[in-house]
Amino acid sequence: MNLNSDNNITDLPQRILLVDDEEDIRDVLTIALEDMGYDVTTAENGKDALEQFVAADFPMVLTDIKMPGMDGIELLKKIKQISPETEIIMITGHGDMDLAIESFRNEAVEFITKPVDVTTLEIAISRAKKKQKIRQGLKAYTESLESMVLEKSNALASHPARGDDKKEILESMENLPLIVFVVDRTFKIKTGNALFKKTFAIGNKTLKSTGADPESCDGTSQINGELFENNSEQFCHRVCRNNALPCPECPALATFQDGESHQIEVSYTLANEEQLPCLAWAAPIAVDGDGTVSEAIIMATDIQKVMDIKDHLTSLGLMIGSVSHGIKGLLTGLDGGVYLLNSALKKEDQDQAREGLQMVQQMTAKIKKMILDILFYAKDRKLQKEKVSAKNFAGDLLNTMDSRAKNLSIELKSKLPDPDFNFMADAGALDSALINILDNALDACVTDGKKNESPKEKYFVELSVSCTPSKLIFTITDNGIGMENQDMEKAFCLFHSGKGKGGTGLGLYISKHVIDQHGGTIKIDSEKNKGTTFTVTLPK
Amino acid sequence: MTKKILVVDDDPTIVKYLTNIFNDNGYETCSANEGGEAFEVMKQENPDLITLDLEMPNGEWGPKFFRRLSKQEKFKDIPVIVISGLASRHLSIDKAITWLSKPFDPEKLVGIVKNTIG
């Protein structure tokens, strides 16, 4: 029997819903998926996909992230709401880092990067399938577990000494490293453990601690008399999420409806407005004679660290892809320089030899910088602050940039402070942060191919350093191509590059990271075709 | 008559590299830094062969380029060599005569070109 049903699962031609706004990609992927033995349905946008999904539930969805109208993330969220078991594979472009991370947070299983190749697609699908199997097994297991719990809690409900049992449960939960609280059907908080009170800054004034008189319990809806002392009604949606009304996705709401336990990932709002991502379970804890759940216990655990690790792993994965791709381009460029140089020497062509040498130098510098960036990213070092002279520091920066600026015939201007002053900083880290910005400014003046269309006065990059009594300000201005709004918004995001293949998307991310570490801020003002100004403000 | 090669790549260093290789081997060259521009250049220059990078800006990347190329009666039979930095063979490039991974061997490239257009 078992064998048969197993075979059935594997033999069924899996149905896949494929969503992409580009016809070419749909065509190509459909052929590939059909070759792998899948039954493919296509949709050209999120709305269309959702309609198809509602009409005929799919076990697997492959969707582009960036689509006009409803994008892949929106679609992912909606599908997960309808059918949490559906596995969703996202297709991302290079540099869609934020989107990829967001899709992981919304339980996408896999992502593959564009342009899609067959091997990656096969691997992603087989991983998604494996996950699906595990999930199915887990579901069967939890279902049997839940029925056991329900049995026990029903027994508990009919047991005369249940008040004591509950008291015991709650007392044992008082010091658990979990947020535990109990709500009634109106979502009024009946009690909470120590961590609950600490997390949501509820003092003893408002909520009595455990151990109040058990006799006050009316037997059905109150637990061990842990009531709000001043009788002020505190609702969990208000306390935990600052919502005036109960939250529609509340797991306790579902528990009150079906008497079973439910689990969600939720973001709680702390007293200081900060968000705390949590995994929350709700389970029935008090059941009326007629079987209605009168109170639910909610247990939540802080998953910030898990989220951070998940983000970090995602970014490392993307980084390896992005970097290996970038390095291939640079190595090809290096080959190109060597080739030019060789062929020039054979022809005794001085000009070409110079050009070849320049190309080699340029590529070597880029590779060096990329490797340093990667090392920096891979190893998050602590700052080693020392006293730094503003004038010397800026002078060193200008020296470093000088040869590259001359090569590109861009004027490097400066406004240095007079008299000089000192500030505390990790000179090495800050140096690399500002060099990344200066490098970007030079790049903005040499966007290949386009600069000849509007010959204007000479390109320049200016570094100026000034100070106020408490602050130190670096401004880096160029009169290059300027930035698009979307590039400006994402400039500091990991792996976003406004330069297409020219950048790794690491540079400005690192700059911002270093400046954040110094307790400073960084700001961009830019106008397309006019130029860009970066303002870095640091505490002295 | 000298044969002409169209180099399509958004990285100017690589365009320079490729055009130099071809010029040194007695071919004429022209270039474009993205798919849309490639069609403009094609109309004017009538190339005998195209080298194509797959990832290009403005959504004009490889597969789209192929799609457009295959619809143009005049150009659809021009041999295309894909030169790409992607990790493995791309789905849509079956239509290309061959596929080289960056960094590539210039001698191998010239060999393929000679075999194809003489």
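These residue numbers are counts, starting from 1, taken along the chain as shown.
Every residue gets a Cβ built from N, Cα and C, even glycine.
As a whole-number mean, the pLDDT of the domain 'Response regulatory' (A:15-129) in this prediction is 83. If you look up TrEMBL, you'll see A:15-129 marked as domain 'Response regulatory'.
Other Cβ atoms within 10 Å of the Cβ of A:Asp64 (4-aspartylphosphate) number 26 in total over all chains. Summarising the annotation, TrEMBL assigns 4-aspartylphosphate to A:Asp64.
The annotation domain 'Histidine kinase' is assigned in TrEMBL to A:322-540.
Reduced to three states, the DSSP call for A:Asp64 (4-aspartylphosphate) is strand.
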